[in-house]
Structures are given as C-alpha cells and as structure tokens.
Amino acid sequence: MLSDTIYALSSGAPPSGVSIVRISGPLTRNILIRLAGSVPADRSASYRTIRTRNNEPIDNGLVLFFPGPHSFTGEDVAELQIHGSKAVLAALFFELGDIPGVRMANEGEFSRRAFENGKLDLVEVEGLADLISAETEMQRRLAVEQSAGGVSAIYDSWAKRLIRARALIEAELDFPDEDDVPGSVSDMVWTDMKRLRDDIGLHLKSASAGEIIRDGFKVVIAGAPNAGKSSLLNALARRDVAIVTDIAGTTRDVLQVDLDIDGYLVKLYDTAGLRQADDRVEMEGVRRARVALRDADLALLLVDMSNPMIPGDLDQTLPHVTVGTKKDLVETGSGRYDLQISTLTGDGLSELRQLIGRIVAERFTGLSLAIPSRQRHKDSLTKCLAALDAAISEIDADLELRTEQLRLAAEYLGRITGRVDVEQLLDVIFSEFCIGK
C-alpha cells in the first residue's frame, strides 16, 4: 500500500564497511526526528547519532533527506549510511519495525512506487533491473540506455505521431466543413504512417541484438567424439567444467559456461559427440546436441587433425567456424580449417577468443543501443506493427475502422512503457528486484 512508509537495506548483505538503509513514505520526516533528532537539510549529508526510542545510541553515520516529489520514489525519502554489521542493522530494523505505519519493503517496492508516481516508466524500470544485474560492459551500456529513457523517448514519439494522425482523421470526419481543419488530411496522415511503419519495422529487426546482449550469444562446440570439445570448453572457461577422457562418448549432457568476450556475454556449450550411437543415454546426448546446434548463434565445428572426421549430417547452413584441434600432434594442418588450436599448449586459443569476439561484434555494426531487449517489447512491437499495417493497407475499409487500428497500434506501444493498463505485468517485473530497490 502506498500509504505505508517502507524501509529496507539498499546496499549489499552484511557484514560490510557501510550499509545504506532506504526509507520512503509519508512518515519519513517523523522517523528522522525520532531516530536522528531532526530532519537534515534537503539533499545534504549530515553526520548524526542514530538512537533508539530510549535515547540509546545504535550507531553514528550519515543521514540524507530527499523531499518528495523530487526523489527516487516521488515520496519523502531518507537514506541512513551506517556501519554494515548485522547487529547494527538488527537494532535499527527493530526500531523501524516498531513504529506504527512503517514496515519492511517488498521486492522492488521502491521502484514500483517510482513507477506509480510517474518517476519511471516500465522500460526504465527494466533498464534499472538490468543495470543492477549487469555482468558485461555491453549489458551495462544497454541497461544505461534503457534506464536513462532513451528507448522510451522513441516509443513516446511514435505514440504522439499515432495520436496526431487519429486526431486529424477524426477532425475531418466530425468537422468536414470547418476552415480550421486542413482539407484532405488523408494523404499527409497516411504518408507519415507509412514512414512510421518503416521505422517500427527497422527497430523490430534489432530485437535479436538486444536479446543477445542481455541473454547472451550462444556458441555451441560440436564435432565427432574425442575431437577435443570438452578440453576446449575447459580451456576457454579457464577451469575444469567438463570431464575429459580418451573414452569416446564421455560427454552425455549439454554443459554451459558464461564467458565475457570483449564486453559481450557469450554462452558456451559443450555437447556430446555427433555419431550414430547404440547406447540409449548417449543417443539422448546426441539428440540434445542437435537441439543446441539448432538454437545456436554460432557453432564451433571441431575436427581432430590427427584423425579428421566431420559428421556428414551436420547442417552446413548454420553459422560456423571450422576449428582444427590437437595441433600439437600434427606437423602441418590442412587449409580446410578456419583456425587451428591445441588445448594442451594453448596455441590458437587467444586467436579463437578474438574471432568469436569479432563475430559477435559484427552483429551490432551500425546499431545504436536504443533497441528492444525483452520478449515482451518484441511482442508488443509486432502487434503494433500489425495494427498499423492493417490501418494503412485496408484502403477500402471505413475510415473509422482504420482509425481504430491506429488506436490499437498506440495502445500496444503504450503497453511497453506502461502508459496504458499493464497491471498484470507489474508483479512479474518488480519481483526481479532486490528488497532495497
């Protein structure tokens, strides 16, 4: 409930050098008076002693106050920066929890209040969640673009064009003889709507790039048994992930590790050797390997140069790099390989990482980071584009029906940013946050 005042640990779990406790809601000023003696100057750090109701000191620290609506949540907000021990936090939380109308925040409740009070839209909220969980440089940059409102500004500008088009058409329908209504607005409106359709279509094509940055570029290691697949996974991961033996068919399941290559999240998969298997367990492993290949962004086709075998039924249309392995066992490799490596000596591994990085980066050539990054963005944009296309192409339909399609297109755009009813999405989105955000 927005009438409650909420509090939570906003920094990392204790013990730590400093912990930040965030408070938001109508009782924030009263809490500061009770705990710190008075309300400090707006947006200024004040060194205070935090005390219990019995005037016993809990800790010394910095107190900051941000009056609403000029705060993160749009409400009165306070931050207490204190020592990050479990005992200090327990004592502080005991005092806060004992105040009527004050309670511990739920997951993402601070951000949800920011959304409810118009401080953030849904895309910005999702960008904030992604920024908190970002592990690579490109994830950070994409999250900053979204949390700063760059993507939302694009969607808002498109929504305004749709609203203007509807207004002009409806004005022409309702007031055909008025001098204030431009005559024959149809040509102007539908020309702009065609441009908008092209803009949205181009934007939608970049959705896969956003998904790759956020969810990872899938690289599958494939090849015949004993081609060195598990050894390569371990070498690139720089740790023992997969069991390596000379026995063919050791790998039965798909193993996966995350790599940071040139700022991109790369999901690397080790798979069972591709061959006709008799063992039921190995057969299932081969099946899973083929499923992984089908979903891959890139396949590393490994060939043992000391005993070259390439699975004959491998889909050659799949984006792939042919890698000759066990370079240390042959004098000169064939020119049939894009790259030759030895996991024993490390020869060629750096070049392979660089090659993967270049291939990933090529997917983003010429793209800005103002791109959709989630499946729900993609779904709403697809529906928006379909409604807009229907409005443009159904030239023989009643003008009011075409205008209704424009309204639907604007509604689908609004669902992305939360400008229209998206109540069913909110619990899912805000549950991704930690308690103190």
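Each residue, glycine too, has its Cβ placed from N, Cα and C.
Now, the feature entries from Swiss-Prot:
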BINDING   ARG22, GLU79, LYS119, LYS437  (6S)-5-formyl-5,6,7,8-tetrahydrofolate binding site
BINDING   226-231, 245-251, 270-273  GTP binding site
BINDING   ASN226, THR245, ILE247, THR250  K(+) binding site
BINDING   SER230, THR251  Mg(2+) binding site
DOMAIN    216-361  domain 'TrmE-type G'
ALA272 (GTP binding site) and SER230 (Mg(2+) binding site), distance between Cα atoms, whole Å: 9
Helix, strand or coil at LYS229 (GTP binding site) [DSSP, three-state]: helix
Integer Cα-Cα distance in angstrom, ARG22 ((6S)-5-formyl-5,6,7,8-tetrahydrofolate binding site) to ASN226 (GTP binding site): 55
The domain 'TrmE-type G' (216-361) - residue tally per DSSP class, helix then strand then coil: 40 helix, 36 strand, 70 coil
LYS119 ((6S)-5-formyl-5,6,7,8-tetrahydrofolate binding site): secondary structure state under DSSP, collapsed to three categories: coil
Pairwise CA distance, LYS119 ((6S)-5-formyl-5,6,7,8-tetrahydrofolate binding site) versus ALA272 (GTP binding site), rounded so that it is a whole Å: 50
